[in-house]
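One structure below.
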Amino acid sequence: MKRIAVLTSGGDAPGMNAAIRAVVRKAISEGMEVFGIYDGYAGMVAGSIQPLTAASVGDIISRGGTFLHSARYPEFAQKEGQLKGIEQLKKHGIEGVVVIGGDGSYHGAMRLTEHGFPAVGVPGTIDNDIVGTDFTIGFDTAVTTAMDAIDKIRDTSSSHRRTFVVEVMGRNAGDIALWAGIATGADEIIVPEEGFKFEEIVASIKHGYEEGKKHNIIVLAEGVMSADEFGEKLKAAGDTSDLRVTELGHIQRGGSPTARDRVLASRMGAHAVELLKKGIGGVAVGIRNEKMVENPILGTAEEGALFSLAEDGKIIVNNPHKADLALSSLNRSISI
């Protein structure tokens, strides 16, 4: 394989630029030509494809977002959109594609592979909801951003003896809430993967105040409900504390990536090129026990929440390895 392309798709994540940089520089070192596809699959269909050099990706490793830009393009789910994109790839002599993004992006990569264009997925999403990898690019930065914000909220919460509900991102996965909640010593961590009762939370808040506690921090994953709705239901369940709600929002998707995300993105980008060089497509790279791995895209493009609830109320473990990591971390924090 002599000519490949790289694109970013879906929601942006800190570290995407580091991954692009690794793809470009690794490919050049292997004697390949590299093209950047701007604006994701929409740009592929529109022919927004330009050659990239080592200079093109200079000084981007520390930048958040993606310099290739990103866009959601549901039309690529249709065969007509796929064929238009493939026509553009052929026009530029491209033989393989690295797709950086989340589960929706992976579905597009799978379609490309089915049409004879090897595509390798690189997990770029702050949600950490991709099966087959312990961590996704951007997750560590998002957790760090949430942690910093919650630390600041704790200062004002304690000053005014208030209860704060802090809503963090993560879509249908509670990973950001779990890790940020542990890191900030939150009083309650509410995630989609685990049930809860408002009455029990209210009782816990009341007991805390009776024991001399000055304030409370509740970290809420957006996949459960909005912070406003949660606050209203908490009040309806009998909470009488001075309650405030905060939605951290898109600040979690921005900012300079952490060292961990930069290194992770660099390793994943380079590994994706190694796979394409061997003619391997239809797979997504990941990290397991600090080692690079690859898994069939078909299995990794499903929802990657750690747990889900069955109709009988039992917890189903969707990703045992990630669940073990999270639960062991939670258990350690409780025992400290």
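Cβ atoms are placed via backbone N, Cα and C, with glycine included.
All protein chains included, Asp103 (ATP binding site) registers 22 other Cβ atoms within 10 Å of its own Cβ. The ATP binding site feature in Swiss-Prot is assigned to Gly11, Arg72, Tyr73, Gly102, Asp103, Gly104, Ser105; the stated evidence is sequence analysis.
Per Swiss-Prot, ADP binding site is recorded for Arg21, Ala22, Val23, Val24, Arg25, Arg154, Gly185, Ala186, Asp187, Lys213, Lys214, His215, and the stated evidence type is sequence analysis. Sequence-distant contacts (6 or more apart, same chain, Cβ under 8 Å) of Val23 (ADP binding site) comprise Ile4, Val6, Val34, Val98, Gly269, Ala270, Ala272, Val273. According to DSSP, Val23 (ADP binding site) sits within a helical segment.
Under the heading Mg(2+) binding site, Swiss-Prot lists Asp103.
Taken from Swiss-Prot, the feature substrate binding site applies to Thr125, Ile126, Asp127, Arg162, Met169, Gly170, Arg171, Glu222, Arg244, His250, Ile251, Gln252, Arg253, supported by sequence analysis. Within 10 Å of the Cβ of Arg244 (substrate binding site) there are 16 other Cβ atoms, across all protein chains. The secondary structure of Arg244 (substrate binding site), as reduced to three states from DSSP, is extended strand.
The active site, proton acceptor annotation in Swiss-Prot covers Asp127 and rests on sequence analysis. According to DSSP, Asp127 (substrate binding site) sits in a coil region rather than a helix or strand.
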Number of Cβ atoms other than its own within 10 Å, given for Arg72 (ATP binding site): 15
Among the substrate-binding set Thr125, Ile126, Asp127, Arg162, Met169, Gly170, Arg171, Glu222, Arg244, His250, Ile251, Gln252, Arg253, as the record gives it, the longest Cα-Cα distance in Å: 33
Cα distance (Å, whole number) from Gly102 (ATP binding site) to Asp127 (substrate binding site): 9
Binding-site residues compared (Arg21, Lys214) - highest count of Cβ atoms within 10 Å: Arg21
Among the ATP-binding set Gly11, Arg72, Tyr73, Gly102, Asp103, Gly104, Ser105, as the record gives it, the longest Cα-Cα distance in Å: 13
Arg21 (ADP binding site) and Arg72 (ATP binding site), Cα-Cα, nearest whole angstrom: 22
Three-state secondary structure, Asp187 (ADP binding site) (per DSSP): coil
